[in-house]
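Scroll down for the structure; my scribbles are underneath it.
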């Protein structure tokens with residue numbers, strides 16, 4: 001039977017519940033267990049797909065096309081699994097589904113209430129996460145902080161699930177903060193005690209308490225928390241601030257967290273703790289020698305979480321070369337043809353990531369022009385690819401005013417236009433081309449060198465595509481279309497072979513990169529940037 005672990009948080013937000021959950025998932029996976037993980041978000045949006053990156057950070061896309069919380073990126077990268085649409089559940093999604101059922105008459109005229117209808121819907125989605133993956137263990141992070149009014153239906157649902165499935169199949173992990181009071185020179189357990197008291201008042205007794213702290217805890221502090229929170233002493237787990245997130249699984253393992261969970265849930269682990277690969281990764285991370293400077297030219301650079309997976313993928317790509325990646329955050333609204341060199345002259349590579357909307361698009365085009373004309377390694381993602389074709393059309397083909405129909409509906413040369421199936425769609429939410437699609441690679445191209453194969457699969461999130469009316473012109477003037485959909489209709493990758501490294505893709509490769517397995521395009525981009533740096 002599938003076992004369920006619930007991770008809650010108290011005292012303050014941003015305690016690292018997601019990292020704790022994904023680190024535990026990694027430990028259990030390395031013990032030979034089939035693990036999946038999900039996030040319950042208490043906000044009323046159906047998904048984060050239409051939310052501003054300034055509000056929510058990046059939108060992470062799964063293989064099956066779900067637009068999800070950025071924490072799912074942490075989960076996938078840490079545990080090295082591919083998640084699905086059941087891995088992110090929002091209050092908006094739950095309420096929307098219940099109200100649709102009510103309108104259909106599924107409740108036979110009954111009064112629809114938070115209990116049992118909303119809580120039952122939450123529990124159903126919890127069970128689907130396990131059923132859809134045949135998981136031995138489902139780890140569920142509850143967003144928000146214990147006591148928040150928005151998360152109460154989720155807390156009630158996970159309380160009920162213990163009665164539904166049996167105590168031996170359910171475990172509760174609570175993350176808290178142990179603040180250090182500088183004036184007193186000591187750490188205080190009272191916030192943890194009150195947080196657990198709040199959780200117990202809602203009917204949940206934690207089995208494990210993970211304590212976030214700046215300093216090493218004494219055994220007396222652990223004993224005090226165990227006494228007042230009514231748990232075993234060994235079930236108080238210290239989680240110290242770390243220089244690298246990759247240290248967290250090792251911290252938890254050293255305190256036997258995986259053993260405690262396996263024993264408590266009576267799991268059949270196939271192996272003893274195996275963290276050799278993880279230790280090798282951490283050794284590389286802690287011994288990087290030198291850095292490569294990448295200019296990331298974007299619209300949302302004031303909130304770096306908007307590009308979280310891109311940043312992580314760049315870091316992954318630096319590890320094989322033992323190089324740290326220094327990201328130069330460049331606000332594209334400030335870049336012009338005239339001042340591009342001021343921002344980009346000393347970078348080793350230029351990356352233009354995805355985005356939506358007209359604002360700051362001209363600055364991205366100026367950055368792409370600078371990369372092309374000065375032979376600086378360039379990598380464009382999604383909108384970055386679209387604007388690479390726009391820049392080429394304007395400055396090489398001479399099509400003045402060329403643009404994307406998304407950004408300039410009145411453009412005389414719509415190099416980028418709506419996907420045909422999108423033309424009659426008015427809603428924004430959930431209507432993009434989303435998820436994993438195949439791409440055919442053209443022989444003899446940089447793309448083939450990068451991937452080493454003719455067919456690939458990558459995740460997508462876009463509504464507009466390259467307009468094939470301009471395909472012949474671009475190819476006749478030196479831009480190679482190196483990747484397409486299998487039917488040849490949709491342009492997926494472009495490159496300029498006369499440059500040392502100039503490649504762009506319609507898909508989002510950052511969603512498939514792993515710390516121990518960098519994505520091929522990112523790795524090749526960093527390799528090219530390193531060569532460029534060495535040849536300066």
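The chain as shown is numbered from 1 upward.
Glycine residues also receive a Cβ, built from the backbone N, Cα and C atoms like all the rest.
Under a cutoff of 8 A between CB atoms, and with a sequence separation of 6+ in the same chain, the neighbours of residue 382 (active site, nucleophile) are 353, 354, 355, 461, 462, 505, 506, 507, 508. In three-state terms derived from DSSP, residue 382 (active site, nucleophile) belongs to neither a helical nor a strand segment and is classed as coil. Here Swiss-Prot flags 382 as active site, nucleophile.
Look at Swiss-Prot and you will find 508 (among others) tagged as active site. Residue 508 (active site) falls within neither a helix nor a strand when secondary structure is assigned with DSSP, and so counts as coil. Note on residue 508 (active site): other Cβ atoms within 10 Å of its Cβ, all shown chains, come to 23.
Residues near residue 510 (active site) in space but far in sequence (CB under 8 A, at least 6 apart, same chain), listed by position: 309, 310, 312, 313, 353, 381, 519, 522. Among the features that Swiss-Prot reports, active site is placed at 510 (among others), with the record citing sequence analysis.
Just so you know, the Cβ of residue 189 (UTP binding site) picks up 22 other Cβ atoms within 10 Å once every protein chain is counted. What Swiss-Prot lists as UTP binding site is 13, 188, 189, 190, 191, 192, 193, 224, and the listing cites sequence analysis.
Annotation for residue 71 (ATP binding site): same-chain Cβ neighbours under 8 Å, separated by at least 6 residues, are 18, 39, 60, 141. What Swiss-Prot lists as ATP binding site is 14, 15, 16, 17, 18, 19, 71, 240, 241, 242.
In the three-state DSSP scheme, residue 141 (Mg(2+) binding site) falls into the strand class. What Swiss-Prot lists as Mg(2+) binding site is 71, 141, and the listing cites sequence analysis.
The domain 'Glutamine amidotransferase type-1' feature in Swiss-Prot is assigned to 293-535; the stated evidence is sequence analysis.
The feature region 'Amidoligase domain' is assigned by Swiss-Prot to 1-267.
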Same chain, 6+ residues apart, C-beta under 8 Å of the C-beta of residue 13 (UTP binding site), given in sequence order: 144, 145
Of the binding-site residues listed as 188, 190, 191, 193, 224, the one whose CA lies nearest the CA of residue 16 (ATP binding site): 191
In the chain carrying residue 192 (UTP binding site), residues 6 or more apart in sequence that have Cβ under 8 angstroms from it: 10, 11, 176, 177, 178, 209, 211, 225, 229
Residue with minimal Cβ packing [other Cβ atoms within 10 Å] among the binding-site residues 14, 193: 14
Fewest other C-beta atoms within 10 angstroms, as judged across 16, 191, which are the binding-site residues: 191
Distance from residue 191 (UTP binding site) back to residue 241 (ATP binding site), taken between C-alpha atoms, in Å: 18
